[in-house]
Amino acid sequence: MPTLVTVYEREEPATARFITHILCLAAAENGLAAWLRYAPLQGGEHYHASLPSHIVALNTSTTSPVYVAGQELQQGIQSIYGKQCNVHHSYWDAGSSVVVGTLDEYTKAYGSLSNTPDLIQDGYWLSTEGSTVQILGMNERGALYGAFAYLSMLAKGNLTKVAYASNPDAPVRWTNEWDNLDGSIERGFAGNSNWFANGVIVSNLTRTAEYARLLTSIGINAVVVNNVNANASLLTPQNIEGLGRIADVMRPYGVQVGISLFFSSPTSGVQGQANLTTFDPIDESVVTWWTNVTDQIYQQVPDMAGYLVKANSEGQPGPLTYNRTLAQGANLFAKALQPYGGIVMFRAFVYNPLNETDWYADRANAQIQFFKPLDGEFDENVIIQIKYGPIDFQVREPTSPLFANIPKSNTAIELQVTQEYLGQQCHLVYLPPLWKTILDFDLRVDNESSLVRNIVSGQRFNHSLGGYAGVVNVGTNDTWIGSHMAMSNLYAFGRLAWDPTQDPQNLLQEWIRLTFSADQSVINTMTQISMESWPAYENYSGNLGEQTLTDILYTHFGPNPQTQDNTIWGQWTRADHTTIGMDRTVSNGTGFSGNYPPEIAQMYENIATTPDNLLLWFHHVNYTRLLHSGQTVIQDFYDQHYAGAATAQTFATMWESLKGKIDDERYYDQLFRQVFQAGHSLVWRDAISNFYHNISGIPDDAKRVGNHPYRIEAENMQLDGYMPYAVIPFEAASNYTAIVTSTNTTTGTAQTMITCPSGTYDVAVNYFDQFGGASHFVVSLNNETIGQWTSNLKPWIGNSEGPRVLGHTPSIYIDGHSAMRITFSNVTVTKGDMLKIVGTPDGTEPAPLDYVSLLPLGIID
Ligand code: GCV
């Protein structure tokens with residue numbers, strides 16, 4: 001007989017009752033306030049005497065960052081400790097107070113500090129010693145940063161005496177948002193744009209202001225508001241006016257606006273601008289066109305941060321069309337911006353579509369080929385923005401050698417906060433440990449210490465410009481980027497851009513305290529899950545330097561390793577029946593390893609000194625080659641994929657231990673994602689293991705791959721109204737086969753008699769949730785329902801809104817993106833019971849099923 005069922009789907013009444021009941025027990029939080037919740041501290045009133053009673057914010061203008069700092073301090077102290085402070089805007093000396101302002105204004109009002117702190121632009125001085133708390137910025141923005149640093153202390157219950165100066169490591173700390181003018185967001189997994197809709201800038205910019213507040217609290221100083229795949233109509237007079245409105249709401253938070261440009265805008269017929277017949281960057285008419293447009297923008301946005309340019313890449317136009325160099329292209333904009341102090345962030349992500357049969361035409365070499373010869377030709381206000389690896393935000397890549405090859409140019413590192421290739425916020429992946437492998441990597445230029453973080457800060461090659469660009473892609477969803485836990489990535493991005501020496505785990509724990517709870521068990525659990533998440537994801541997606549192994553021709557979400565090879569995108573793995581890996585050596589391969597300075601080049605050139613985790617990035621080897629670990633390549637694939645998926649199972653269980661310790665709304669939302677991740681990590685595990693098992697023909701020593709004793713393949717059940725379906729790619733389905741209903745309007749039934757021993761089992765059903773329908777499934781034993789669900793996890797499309805949806809890019813196919821699992825726990829099963837699944841198709845989705853697992857307690861398969 002079936003027993004109690006717990007599922008984490010949304011649609012069913014039983015589940016809904018469960019959530020509602022729990023919701024009554026604890027207050028809900030939607031996540032919008034992120035780490036700036038200012039949660040009340042228990043017993044906060046006992047600390048009133050240790051807190052300031054007055055706030056002096058040394059600026060009377062309501063739109064100044066110092067004024068905002070005063071308001072923020074008032075709100076924070078009130079909310080965290082329940083103490084009401086008055087805010088003054090000029091000299092005030094009545095007992096304990098906190099004074100916030102620029103160093104200059106403070107000196108005018110209160111006289112010089114005894115020791116003048118050593119501050120640079122955006123830096124601040126924070127002293128809680130004495131009866132007056134001093135928060136003094138080198139500029140207004142710095143003062144606001146200092147106020148947030150003080151509030152962060154208060155929110156963590158830290159009332160210790162400190163006195164220190166803090167300066168940013170690099171001047172450029174920007175986010176890039178890939179928002180399109182129509183309101184969609186490329187690689188965004190949290191709804192639509194907060195600032196664009198239907199080709200124009202929206203009138204309600206409340207969320208934009210809230211975002212600026214969050215960003216400034218982590219030291220971000222500019223936002224590029226539109227997609228690097230840009231649209232010329234951003235430059236209509238109406239949109240330029242709109243940019244002014246965005247800048248106006250961000251300015252009080254010290255956050256500047258930047259924009260991405262479409263290189264051929266002069267010939268795009270932009271409404272309200274002249275239309276030219278050329279976009280040649282050295283043509284006088286083009287120079288004048290951009291100068292004019294830039295002047296118009298600065299009239300509306302006098303403090304615009306600058307331009308971001310993606311040129312001659314992935315179909316974007318650029319100077320190469322006219323046989324001009326990328327430097328000539330970049331300098332066109334640099335000259336227009338120079339009078340205003342603006343910056344050009346020129347992206348190094350330049351490559352041409354590649355020959356799909358020629359693996360020697362290595363995409364990883366492209367940036368070096370384009371940019372190295374141009375070093376020294378870029379204007380002083382141009383920064384070359386370089387993705388962390390030579391390909392494209394993969395789960396592991398070697399550090400881009402370009403950082404070492406253009407010492408005369410300013411550089412910035414581009415990191416991706418949105419998890420395009422790393423689970424699209426439906427898999428938890430805490431990214432800073434990955435980023436740190438790059439930032440702390442020593443490229444040994446001229447055999448001297450050359451850490452990437454010291455290159456992009458400008459220190460290593462003596463540049464005053466450089467820094468960080470993080471692709472964030474926030475949307476209208478309350479979680480901002482699609483999942484509550486993924487916000488740790490944004491928090492840490494800002495904090496690392498300010499100080500890249502910080503420890504990812506410390507940043508994480510600070511974020512947990514501010515965002516969720518100071519309860520040590522909450523901190524420990526979330527820390528463990530997060531710190532294990534990148535290694536787990538790497539293990540069940542693509543280990544040994546094989547890249548993520550996702551489908552690069554479609555959604556970038558689920559597994560599909562064969563899409564890497566023989567395409568114009570040049571992400572080769574070169575997997576055949578006996579060998580795998582990309583030979584990037586100088587001696588025998590594409591020569592990529594020679595792009596590094598000699599010490600690093602030698603390390604990668606030599607297979608014996610190449611670390612296992614990048615082996616297949618640099619070398620082409622037999623599946624049977626022994627790794628440094630002593631394992632063969634193929635067995636390591638199997639083992640790591642099993643290990644990674646096993647770790648992902650523990651995340652859901654660990655998360656369940658947080659029940660009642662954090663608010664229910666975020667608890668259930670994240671639990672829903674962890675359950676999804678647990679299921680989808682098995683899809684990944686099986687797909688990659690099966691793929692390489694199939695191609696190599698080498699069995700798994702542990703006899704797991706292709707051997708699933710607890711599974712009942714749907715195609716082996718008795719089918720009525722269902723028929724077998726050969727899944728493409730084959731590895732995305734167990735036994736390569738699913739079942740689908742015979743038509744899209746008729747119900748199908750799959751049934752079988754249970755032959756396993758009677759007992760209590762978890763019943764896991766693997767199915768496919770395609771975009772285009774919401775099929776319904778009912779699972780029963782002897783005609784008694786043990787569970788039912790509607791296959792509609794509502795990926796973000798158009799204007800769909802609402803909590804608890806998976807935001808990944810959807811798939812219209814039965815494949816590794818749509819494959820997923822639902823589990824009914826603790827089901828009592830008797831040998832001889834009839835297990836039946838009835839699938840009702842909907843729209844274009846034919847109620848696809850893969851298999852049912854009857855899992856004894858503790859078994860996962
Ligand atoms: C904005 C990858 C992504 C694209 C992105 C591009 C880029 O190719 O898949 O969506 O385009 O990188 O960074 O320009």
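A Cβ is built for glycine as well, from the same backbone N, Cα and C atoms used for every other residue.
Model, not experiment: these values are computed from the prediction.
Restricting the average to the domain 'Alpha glucuronidase N-terminal' (34-150) gives a pLDDT of 95. The feature domain 'Alpha glucuronidase N-terminal' is assigned by TrEMBL to 34-150.
The domain 'Glycosyl hydrolase family 67 catalytic' annotation in TrEMBL covers 158-480.
Sequence-distant contacts of Glu314 (active site, proton donor), defined by Cβ-Cβ distance under 8 angstroms and a gap of at least six in the same chain, are Asn229, Tyr351. The active site, proton donor feature in TrEMBL is assigned to Glu314.
The 10 Å shell around the Cβ of Asp392 (active site, proton acceptor) contains 21 further Cβ atoms across the protein chains shown. DSSP assigns Asp392 (active site, proton acceptor) to coil in the three-state reduction, placing it in neither a helix nor a strand. Residues or ranges marked as active site, proton acceptor in TrEMBL: Asp392 (among others).
Look at TrEMBL and you will find Glu420 (among others) tagged as active site, proton acceptor. Taking the Cβ of Glu420 (active site, proton acceptor) as centre and 10 Å as the limit, one finds 24 other Cβ atoms among all the protein chains shown. DSSP assigns Glu420 (active site, proton acceptor) to coil, not to a helix or a strand.
Residues annotated as domain 'Glycosyl hydrolase family 67 C-terminal' in TrEMBL: 482-704.
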- Taking only the Cα atoms, work out how far Asp392 (active site, proton acceptor) lies from Glu420 (active site, proton acceptor), in Å, as a whole number. 10
- Residues in the domain 'Alpha glucuronidase N-terminal' (34-150) per DSSP class, helix first, strand next, coil last, are 43 helix, 23 strand, 51 coil
